[in-house]
Amino acid sequence: MSNFVAPEVKKFAAWDYVVFAGLFLVCASIGVFFAVKERKKKTSKEFLVGGRQMTCGPIAFSLTSSFMSAVTVLGTPSEVYRYGASFVLFFLSYALVIIFTAELFLPVFYRSGITSTYEYLELRFNKIVRLAATLIYILQTILYTGIVVYAPSLALNQVTGFDLWGSVAATGIVCTFYCTLGGLKAVVWTDAFQMIVMVVGFVTVLIRGTTLNGGSAKIWEVAYEGSRLNIIDFDVDPLRRHTFWTIVIGGTFTWLGLYGVNQSTIQRCISCKSEKHAKLALYLNLLGLWVVLVCAVFCGLVMYSHYKGCDPWTAAFISAPDQLMPYFVMDIFSSMPGVPGLFVACAFSGTLSTVAASINALATVTFEDLVKKGFPNLSDKMSTWISKGLCILYGVLCTSMAAATSLLGGVVQASLSIHGMCGGPMLGLFTLGIVFPCANWQGAIGGLLAGITLAFWAGTGSFIYPAPPTKSIPLQLSTLNCTLANSTEVLMTAAPTAVPDRPLLADTWYSLSYLYFSAIGCLGCVITGLLISLITGPSKGEDIPPVLIKPVCNPFCFWSERLKTLFWCGVQHDSPEVDFEKYLPKVIANEAVSDDTFKNNITKENKRHFPGYNPEEKSYTNMSRESRL
């Protein structure tokens, strides 16, 4: 084994600190601005969902910035550098995810007037299902946010020498500060600013890297020779880490669990002033996702061209693949003070937006699903203070979770694995409720448990027993042009080691691509839930308010009204008063009638057509839920 001499890479200069500190200052200022501007009308509704008066533009920027985090800025170029540009196939996954979210899930959530997505589960099933889903979401989000906090702190540690955990604490403090002061509006407008910083950072790296490496044609040629452009691989082997099928199918399930039913996404969408604005925000966000993805992939190709003869990871100049991108930036911008600070600001922009979104969503879910259930008569002032207290609590928890992230390996695979293991079963649960009228609460609980069990079984097994190298081996990397240490050629003979015992499932079930974890959890939940529902007695469609079900069969049975009615399972979609597409009723829970959820005040004339409505009572009763409790 040879020892190599690492080329000298400069650290941060004064201008880098100025640029980087400017990002934190602007983010904190936005929180202060909204705290001062709207201090007189700060109800819990205003704080958590912006008064439902947001427009599509800032929401679209916010969505893109929140989910294209430092995991994308640091992890995706490293993935492309090591495994090739097949990661670009995620543009198909993103398109499918946005279409499903905008046309299937969003209409149901928006029209039912909820604040927390888990309110839907109580309206459709019962309290037990809602509570179980809420707890799983809180666990998933805290785990994921820990990764997102750790990733840019690793970058900062690599390029500046700052204490790793000091930068972790700084990230958590700033996010918690502006999220607690300004609420959702501060989060959204800060995200919009951070999205601009992220794209500018990527473009700056691309221009400089392309110029230094002979232009785009030369980079393309080098990437082709290095097999980095072998993008489409139709191998159906589910054990292969990245193929066309794992990325498009597995990636769609993974990101749909993150987008379609995730509180952080839906909370932004329902804060829009209309459903049209919410849908438009999602489609505009798709353009943003594509832009960031293409920038990240091309950065990986530029980085490969630059280091094709001396890979800094193999040569041990850096300690982890996720440090490749910051190392590359400090290398090519060593003579341009201020620009490395812009890149680190780019990485932190994604992180700040994601962490703030997570904190805000966690506070919303906890307040709506737990606090209000225990204390239903809280005043607006007390509700707002409790919401802010929850922001602080979750800011501390998410920051603390970053300490465990260093044990999880590469940030991209770790983050998507967590989303798959938790998000897949959650996606299956909401799919059961929205698509299948026959599903009952017993099926929902049984399906959720089955989905979680399957997904965590596969995910935990893959962490303990990694897939064989043949299924996920990186492409060839060279150290041929690295400089050897003076007269130091150390030959080391590895002592023979015993091959560890691997269980029977290690090379099959535990070796599944991490992108399939979500599909396993989702399909396991749906199939098990339907079977249990049929065994225990399916729900009666006539007892389910139509706004809670999306009649997906309509486009496939357009020629036959009778066939459509059969697939509706008794749900009264054909009733003119509750027509799903034209009339937007607000569904009222029997124990949760409040201005927070139902501010449109449906008239009694319209209400009398709902199942279980008694005009002598103040609200109608959702019989389908009451009968199951």
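Backbone N, Cα and C atoms are what each Cβ position is placed from, and that goes for glycine too.
Residues annotated as compositional bias 'Basic and acidic residues' in TrEMBL: 615-629.
The feature region 'Disordered' is assigned by TrEMBL to 605-629.
According to TrEMBL, the transmembrane segment annotation covers 12-36 (among others).
Taken from TrEMBL, the feature transmembrane segment covers 56-75 (among others).
Per TrEMBL, the feature transmembrane segment maps to 87-110 (among others). Same-chain residues lying 6 or more positions outside the transmembrane segment (87-110) and placing a CB less than 8 Å from one of its CB atoms are 76, 79-80, 117, 120, 231-232, 242, 244, 247-248, 251-252, 254-256, 259-261, 265-266, 269-270, 275, 278-279, 282-283, 285-286, 289-290, 293-294, 296-297, 300, 430, 434-435, 547-550, 552, 580.
If you look at the transmembrane segment (131-152), the same-chain residues 6 or more away from its ends with a CB under 8 A from one of its CBs are 69-71, 73-75, 116, 118, 121, 167-168, 171-172, 262-264, 322, 344, 347-348, 350-351, 354-355, 358-359, 361-362, 365-366, 369-370, 394, 397-406, 408, 411, 414-415, 418-419, 422-423, 425-426, 429, 445, 448, 452. Residues or ranges marked as transmembrane segment by TrEMBL: 131-152 (among others).
Marked as transmembrane segment by TrEMBL: 164-181 (among others).
Annotated transmembrane segment per TrEMBL: 188-207 (among others), in sequence order. Tertiary proximity for the transmembrane segment (188-207) is limited to same-chain residues at least six positions away from its ends with a CB under 8 Å from its CB atoms, namely 23, 26-27, 30-31, 34, 50, 54, 57-59, 61-66, 68, 73, 178, 268, 271, 288, 291-292, 295-296, 298-299, 302, 328-329, 332, 339, 342-343, 345-347, 349-350, 352-353, 356-357.
Annotation source TrEMBL lists transmembrane segment at 243-261 (among others). Sequence-distant contacts of the transmembrane segment (243-261) (same chain, six or more residues past either end, CB-CB distance under 8 Å): 67, 86-87, 89-90, 92-94, 96-98, 100-101, 104-105, 117, 232-237, 416, 419-420, 422-424, 426-427, 429-430, 513, 515-519, 521-522.
If you look up TrEMBL, you'll see 282-304 (among others) marked as transmembrane segment.
Annotation comment: TrEMBL describes 342-363 (among others) as transmembrane segment.
According to TrEMBL, the feature transmembrane segment maps to 391-412 (among others).
The transmembrane segment annotation in TrEMBL covers 418-436 (among others).
According to TrEMBL, the transmembrane segment annotation covers 443-465 (among others).
Stretch with the largest number of CB pairs closer than 8 A to the transmembrane segment (418-436), among 56-75, 282-304, 443-465: 443-465.
Tertiary proximity for the transmembrane segment (282-304) is limited to same-chain residues at least six positions away from its ends with a CB under 8 Å from its CB atoms, namely 56-57, 59-61, 63-65, 67-68, 72-73, 76-81, 85, 87-88, 90-91, 94-95, 98, 101-102, 106, 195, 198-199, 202-203, 205-206, 209-210, 213, 219-220, 222-223, 226, 228, 269, 324-325, 328.
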